[in-house]
Amino acid sequence: MFADIAERPVVDAASGVLTIDLAALAANYRLLQARLAPARAAGVVKADAYGLGASRVAPALYAAGCRDFFVAHLGEALTLRPLLASDARLYVLNGLQPGAETACAEAGIVPVLNSLEQIDNWTAQARARRSTLPALLQFDSGMCRLGLEPQDAEALATEPARLKGIEILHVMSHLACADEPDNAQNAEQLAAFDRLAALFPAATPCFANSGGSFLGASYAGALARPGLALYGGAPFDGLPNPMAPVVRLDVPVIQTRIVPAGSRIGYGGRFVAPTEMRLATIGAGYADGLPRHLSDRGAAWFGDTRLPIIGRVSMDSIILDIGALPAGSLHLGSLVEVIGPHQTLEDVAEAAGTIAYEILTRLGARYHRIYR
Ligand SMILES: *Cc1c(COP(=O)(O)O)cnc(C)c1O
């Protein structure tokens, strides 16, 4: 699959090769869409499409049939707008910041309105333009992060004039525990959201994220918002992953050596070689998004052989114990797998004590990126 990593000159100028499989991304989109039908699947492409490059990912999702794209900030939406056809809708999850209304309206971006203040600012913009402006209305169904609190939603429902000039495309809320299918908070949030959504019967619901897309039809609403699952991440924590892997990361060996027993390995000299050891240093580190918490815990792979990380992760390099490989297997420029068929995103995240989201979104800018 990666024979053409033999683009050596480019590879050797970078800290590693990040391969992003746009066909797998499209397959994941279609799988989610089929599961969610008759609801529609949006694509969440915030944070540069979870670090994978929104300018490549969003058009690939569009080609797979996606027409609804969620980002966190207006700036992200403005960057993507010219890259997508005019029938693509772009939504801003973090809401409408004061002063951003004109730019948002002019670019045809749909804000998620999270408070009465934001609603008032958007209706004022509609009045000033003598037009109707689209929006999503978000309710807090129990996460306490963003959205109208229940009492504000109830008050708003008795005062429809306050929404004059706004076309509510969907009512929306967000699950806090969707990656844990047995967590009782899921059903509690669904019930809370259904009750508030019923106050605005003209708008259809937008509720499920990746995990929520697999919780059953009652969670699907009219428009779901999967992110992580599109990028191959597991929708449910610790359960089998139905998504196709999208990301592969290979990092080159930049030096090999044999060290005698008693050698202190890496920053701090904390790891002391108990015997003679064979080591390889690879050319990516925490500045490339490989967390320092992988020190003495994580691994890379060469073929089917696991190569443990020894000592501390450095900014630009990591030392591996390659004693399990036949001598001479690795040399300057050999590529080892950091994310791939032997080690999933979730494996790396678990070794680092974090989640797949954080590993993905931090994948560094120094990798040579190949989109296929
Ligand atoms: C990030 C985000 C999503 C996507 O979540 P995933 O777990 O990646 O599917 C959906 N909705 C909101 C409000 C978000 O912030």
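Glycine is treated like the rest: Cβ placed from N, Cα and C.
For Lys46 (among others), the entry in TrEMBL reads active site, proton acceptor. A helical conformation is recorded for Lys46 (active site, proton acceptor) in the three-state DSSP classification. Using a 10 Å radius centred on the Cβ of Lys46 (active site, proton acceptor) and all shown protein chains, the other Cβ atoms total 19.
Look at TrEMBL and you will find Lys46 tagged as N6-(pyridoxal phosphate)lysine.
Under the three-state DSSP scheme, Arg145 (substrate binding site) falls in the coil class. The 10 Å shell around the Cβ of Arg145 (substrate binding site) contains 10 further Cβ atoms across the protein chains shown. Residues or ranges marked as substrate binding site by TrEMBL: Arg145, Met315.
Marked as domain 'Alanine racemase C-terminal' by TrEMBL: 246-372.
Tyr267 (active site, proton acceptor) counts 15 other C-beta atoms within 10 Å of its own C-beta, drawing on all protein chains shown. Annotation note: Tyr267 (active site, proton acceptor) sits in a helical segment as assigned by DSSP. Taken from TrEMBL, the feature active site, proton acceptor applies to Tyr267 (among others).
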Helix, strand and coil counts within the domain 'Alanine racemase C-terminal' (246-372) (DSSP): 23 helix, 47 strand, 57 coil
Whole-number answer please: how many Å between the C-alpha atoms of Met315 (substrate binding site) and Tyr267 (active site, proton acceptor)? 11
Cβ-Cβ neighbours of Met315 (substrate binding site) (radius 10 Å): 11
